[in-house]
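Novice: There's a structure below that I have some questions on.
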Amino acid sequence: MRTFIVWMAGCLVVPLMTTLAMANGWNMPVGVTDVSREVHSLHMTIFWICVVIGVVVFGVMFYSLFRFRHSKGAKPAHFHENTLVEVLWTAVPLLILVGMAVPATATLKKMYDPSDADLDVMITGQQWRWRYEYLGEDVAFTSNLGTSREAISGAEERGEHYLLEVDEPLVLPVGRKVRFLLTSDDVIHSWWVPDLAVKQDTIPGFVNENWVRINEPGIYRGQCAELCGMDHGFMPIVVHAMEGEEFDAWLAERKEAAAQEAQGVDREWSMEELMARGEQSYNAVCASCHQPDGSGNPPAFPALAGNQALMDDRERHIDTVVNGVSGAAMPAFRSTLNPVEIAAVITYERNAWGNDTGDLVQPAEIAERLAD
Amino acid sequence: MSDAREAASRQGVRRTVAKTLFALAGMFLFAFALVPLYDVFCEVTGLNGKTSGSAQALVHEEVDASRMVTVQFVTRGSAGLPWNFEVETRQVRVHPGQSAEVEFAFHNRAETALRGRAVPSVTPPRATPHLRKLACFCFQEQRLEAGERLSAPLVFQLTRDLPEDVNTVTLVYTLYPVTRDEAPLQARATAGKGDEA
Amino acid sequence: MAPKLPLHHPVEQSSTASAGGQASAHAAPPRGLMRWLLTTNHKEIGSLYLIFSLTMFFIGGIFALVVRAELFQPGLQLVVPEFFNQMTTMHGLIMVFGAIMPAFVGLANWMVPLQIGAPDMALPRLNNFSFWLLPVAFTLLLSTLLMPGGGPNFGWTFYAPLSTTYAPPSTTFFILSLHIAGISSILGAINIIATILNLRAPGMRLMDMPLFCWTWLITAFLLIAVMPVLAGVVTMMLMDINFGTSFFNAAGGGDPVLFQHLFWFFGHPEVYIMILPAFGIVSAIIPTFSRKRLFGYASMVYATASIAILSFLVWAHHMFTVGLPLAAELFFMYTTMLIAVPTGVKVFNWIATMFRGSISFEPPMLFALAFVVQFTIGGFSGLMLAISPADFQYHDTYFVVAHFHYVLVPGALFAILAAAYYWLPKWTGHYPNVKLAQWHFWLSVIGVNLTFFPMHFSGLAGMPRRIPDYALQFADFNVASSLGAFLFGASQLLFVLLIIKCVRGGEKAPAKAWEGAEDLEWSVPSPAPLHTFEHPPTFRRDGE
């Protein structure tokens, strides 16, 4: 009897925990698109079906455990088959499954809606950041983790959006259909924002398609969902959804800013300027592998500090940063950083941490290399 | 255990082992056979947006002037290949049945000769079987001398049986460096892929 | 997870139930290490497998505790992300290939010949070889942790190109160790098939076999079918890494998604390889302690076979987010949902067996009952995961981690523990200490549910799997999971203590150790002598 009471108590704890947890928002978000709402209601429907089946099945089980105890002198019956019952408990679950499959199929078909989009965004996964490209708009940028290393190590207090903040969010318009084209530069990543109910793998060499039509302006956060190496846990996604007009203004501003930055290429930069700009970019994109002090993480990520071979070969240094290394974790930064940033990063790497080569790499030199 | 029974069971064991070994060998080969089978399956169904690796013939059919389909082109570089790779027209509007030509520009910015190969991918996958490539730079690798420029065409046709609800087809080309001298084993094993054709 | 056999085995006995059998010794077997290295006896090899599996269980468990310790609170405190990834990967590989699978093979080695009245396995020397491959494979695998660049860090699913182009240099050794472990499993499977098909006691038809033999027979066929595919996949990886092929490398005309198709073509049946024998165990224990015949024996066999066949048609439900066409999503969603039907039949059969039985709660029964409840919870979350549109949200989150751990830990592992408690009297001649067993059970149940139940919620709230650090809103449930994991891990030490005590002594068990036990293994003395059924027993069908 004692055993039984403990069992019952145990059984009560589980649904109690479930209800409590779900009430506290520990559940799939309803989200802000029609699709995400449907997915959420599908999830809840199936969850409740499972709960009902569970109550019935476990109910019968615990009743039997209680009622037919050996210690209370229960005498076993002798039946060991019953065709009718067996057919029934094969057929009834089958019917329940059909009942589940119907709404699931309908939702899935909606997700595969091929109608025309108002905006195309190319999303490229890269170890360990996201690159967003507004196709046909000449606006492209990289989105890096916005949380500081100090916060991760605990030296600094962790903010509300710890690990779910980026330097540049993906900005999208509300009410318009946005089509995503997803691919990757290196390994497989997965772009996931729960509030949009979009999770799509990015596969190197192949392109996947998905779409979203956001109903409410806001900031929605997500993460890479496919193990992609060392910093898989540190490549968040932030989507900033704004009203159409606001978005158009933002896009125009971005185009303007890109043009401005392009102008910076032509002028002569001083060592101090390049070092300052370089440190900023280095810490945003290079430090996760090569470490803030340039010590690297061999064998995958070579040290930069005191790397004499590299310091002796300025040309190779520039080539590696601009064009990357095939089949290794080193990407081609020509598609991620602009000439000013590339020049600054190389200058920084060649003069920081005691490298002191005194080399200056001007943005104009990089721009010339990239010119067609 | 009686001798007769023992002999019988020993023979049975031998037979069982022979059969399972046969099945094992079969399954191991099957795993490798799945590689080309998968490619064939992809080409037929358009799964994964794989297009045919060799030139296809133009289907002579009446152009469906009532319908316009947008075809987008996206070019991407990759690590280790200092080339510029651009498409001259980012998107074209075509009628199903009509053939169209688009030029792609390559520029080797390096100071040495290099080889590259553009790997195609099409989305939505449902459109893939209806996209016929009559000529494409992606059928073979390109070799460019230092500083050399090349313009190469893609000639394609969307057949009329393209599903009704497909209005936009996107072709993405990723340019990869070719570093090895020999053709990849898989390419050789896969009939009709013609990477090195 | 078995103790060593007593050194002086009572040998030879008649096929009828008798507690005697203390006959004269056979020709003295080699002593010490050589005895274990060279043994061809199914009981000794079974014990070796079980001890090996228990060792791996603790090694894999320590890796899991490293992971859980790091995840105890937000931030990086104990390990760096590279090492964290190696720990998650190694934990998965060791538990799947080193703990769960060898445990089932060990149980099969011990019990299949006893249950079908065979004197030994059909291929005893091969049996020895397939066991000794395992320590080689796993020593090699563990040694990769010490190599430059560290061990495998790409998850136990080792998706290309992370595991090929971007893998650490030790990957070649990882591939080699998987090959060796795979060969071991294949040889084990051949042996089990050959034994079951050819060495059954006269008069015992296939449909008379205990369900443990049936589920193992079907599992062995699954192994024969899919282990070569795994071998093929890792061979392709090896060629991509070392010989310049491009099976999975887009740059050379290959396809990373092909890797996933091949892997899961192996991987999904593999999942059932780890659960079908558990069904067999539970189907033996529940009737014994309900003192009533198993309900729906035939439908149990058919359900097992259906699950095995369906397992080849569902693989892409692991890949709903890779960009499959609508038709493929629908097909794999429907087939996956279908699996719920035969699985449901099994659960209903177990409950119908208990209904109007005469139930007692000995330790094996406790674990078997917990299996039924917790496995069913894992089944429910599996059904939710099958719904493709919802899976876009669940995929690769802690919800999936919760799901498969519910199936594998409170599921498969609890069944293995139940089997150990059930057959320990047969192995050692002593009943396990009941008080200790109850402590072990309750601490395990609390620990395991405290660990894995909250993971459902962290997953639903958006926590991806395989991350070393997480956003602050996931903190509370991770604390619970970590505490549960340490409780569960620590309580397994009780199990080791219990086994040692049980080998050393304890209440003596008769041949038929459990009142309601009916199968053939209970007709030989306890502990089972080294050689049994040298003369085949006469099989008596129930009700005849």
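Heads up, the Cβ atoms here are built off N, Cα and C, so glycines get one too.
Not my notes, these are from TrEMBL:
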- C:13-26: compositional bias 'Low complexity' (COMPBIAS)
- C:532-544: compositional bias 'Basic and acidic residues' (COMPBIAS)
- C:36-540: domain 'Cytochrome oxidase subunit I profile' (DOMAIN)
- C:1-26: region 'Disordered' (REGION)
- C:525-544: region 'Disordered' (REGION)
- C:48-69: transmembrane segment (TRANSMEM)
- C:89-110: transmembrane segment (TRANSMEM)
- C:131-151: transmembrane segment (TRANSMEM)
- C:171-199: transmembrane segment (TRANSMEM)
- C:211-239: transmembrane segment (TRANSMEM)
- C:271-289: transmembrane segment (TRANSMEM)
- C:301-320: transmembrane segment (TRANSMEM)
- C:332-352: transmembrane segment (TRANSMEM)
- C:364-387: transmembrane segment (TRANSMEM)
- C:399-424: transmembrane segment (TRANSMEM)
- C:436-457: transmembrane segment (TRANSMEM)
- C:477-500: transmembrane segment (TRANSMEM)
Novice: Report, as numbers and ranges, every residue of the chain located at least six residues beyond the transmembrane segment (C:332-352) whose Cβ falls under 8 Å of a Cβ in that stretch; write 'none' if there are none.
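Specialist: Residues 279, 282-283, 286, 294-296, 299-300, 302-304, 306-307, 310-311, 313-317, 320, 324, 372, 375-376, 379, 382-383, 386-388.
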Novice: Is the number of Cβ-Cβ pairs under 8 Å between the transmembrane segment (C:271-289) and the transmembrane segment (C:364-387) three or more, considering only pairs separated by 6 or more positions?
Specialist: yes
Novice: Pairs 6 or more apart in sequence, C-beta under 8 angstroms, 3 or more of them: is that satisfied by the transmembrane segment (C:48-69) and the transmembrane segment (C:171-199)?
Specialist: no
Novice: What parts of the chain pack near the transmembrane segment (C:89-110), using Cβ distances under 8 Å and only residues at least 6 beyond its ends?
Specialist: 1-2, 42-43, 45-50, 52-54, 56-57, 59-60, 63-64, 67, 121, 127, 134, 137-138, 141-142, 145, 151-158, 178, 181, 185, 188, 192, 212, 216, 219, 270, 273-274, 277-278, 281, 408, 412-413, 416, 419, 423, 427
Novice: Any idea what the model's mean pLDDT is for the domain 'Cytochrome oxidase subunit I profile' (C:36-540)?
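Specialist: Taking every residue in the domain 'Cytochrome oxidase subunit I profile' (C:36-540) and averaging pLDDT yields 94.
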Novice: Could you pull out which residues elsewhere in the chain have a CB under 8 Å from any CB of the transmembrane segment (C:399-424), counting only those six or more residues past its ends?
Specialist: 1-3, 50, 95, 100, 103-104, 107, 110-111, 271, 274-275, 277-279, 281-282, 284-285, 288, 362-368, 370-371, 374-375, 377-379, 381-382, 385, 430-432, 437, 444-445, 448-449, 451-453, 455-456, 459-460, 465, 495, 499, 502, 514, 521
Novice: Given a Cβ distance threshold of under 8 angstroms, which distant residues of the chain, six or more beyond its ends, lie next to the transmembrane segment (C:171-199)?
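Specialist: For the transmembrane segment (C:171-199), the list is 97-98, 101, 105, 108, 112-113, 116, 118-119, 121-123, 126-127, 129-131, 133-134, 136-138, 140-141, 143-144, 147, 151-152, 158, 163-164, 209, 213, 216-217, 219-221, 223-224, 227-228, 230-231, 234-235, 237-238, 241-242.
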Novice: Summarise the region 'Disordered' (C:525-544) as counts of helix, strand and coil residues per DSSP.
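Specialist: Helix, strand, coil within the region 'Disordered' (C:525-544): 0 helix, 0 strand, 20 coil.
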Novice: Rank C:211-239, C:301-320, C:436-457 by Cβ pairs under 8 Å to the transmembrane segment (C:364-387) and hand me the top one.
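Specialist: The stretch with the most close Cβ contacts to the transmembrane segment (C:364-387) is C:436-457.
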